[in-house]
Amino acid sequence: MLAGEGLIRAARDRSRLSITEKTVGDFVSEADHEAEETIATYLNQSFPGYGWLGEESGERLSQADGLRWIVDPLDGTTNFLKGLPHWAVSIALYRGDDPLCAVIHDPIKAETFSAERGCGAYLNGQPIHVAPSAPLPTMLLATGVPSGGRITYLPHCLSDLDALMPQTAGIRRWGAAALDLAYVAAGRLDAYWERNLGPWDIAAGALIVEEAGGQMLPLWPDRTLLQSGSFLAGHPDTVAGILLSLDRGMR
């Protein structure tokens, strides 16, 4: 992918990048903007009239039967800026709230996770599946812990950790939601939960997890996944068991 190639070039010379702090602890760099522009140019030329929702450029309404792209050009910006090789490009096509196809591309590891509605999920063209349900003490989970402007959610996250850490094989916090979801789809993680993410963070991963045989549930049933950005993803039986341990008191 051209956007991924551009990001790898930018990563080699991070010290020259212009960086802006959107909110406390939430950064955006010129690499984010350039990657989104590259993606938008290609998709707009190839699919005129489709709507757009991008993390950096905002929303454009669809003129093509409700079809819209939901794009995070660089998921894991802080990792990228610190030289941590854990970030990705995330692109999904939706009709309304229904995902049709999705891709999560990790340029550093040369891994591309993809899915199309009804056709399964794939990693570099090979089928992938979520991990089977297993006893909780054997499970490796992932989550996100808020920082900066999102610190208001910290008590609920700590409540989750207090409930689950003693019962599991470990809980990871890697800082790139798209890859956490891709890893659930590939069976590398048993489950992943987080709160209050943007739709661009989870749009692609939601379909890839589902097509890999998993389930991605909003923490509050009266809100859609994209509306709340708060969810639990994993094998359906795994999700049913872990959901009982999560603090669901704050929206």
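Just so it is clear, glycine is given a Cβ too, placed from its N, Cα and C backbone atoms.
Between the candidates Asp190, Asp201, Asp222, TrEMBL assigns the Mg(2+) site shared with Glu55, Asp72, Leu74, Asp75 to Asp201. Each of the binding-site residues Glu55, Asp72, Asp75, Asp201 was ranked by the number of other C-beta atoms within 10 Å, and first place falls to Asp72. Taken residue by residue with DSSP, Asp201 (Mg(2+) binding site) is part of a helix.
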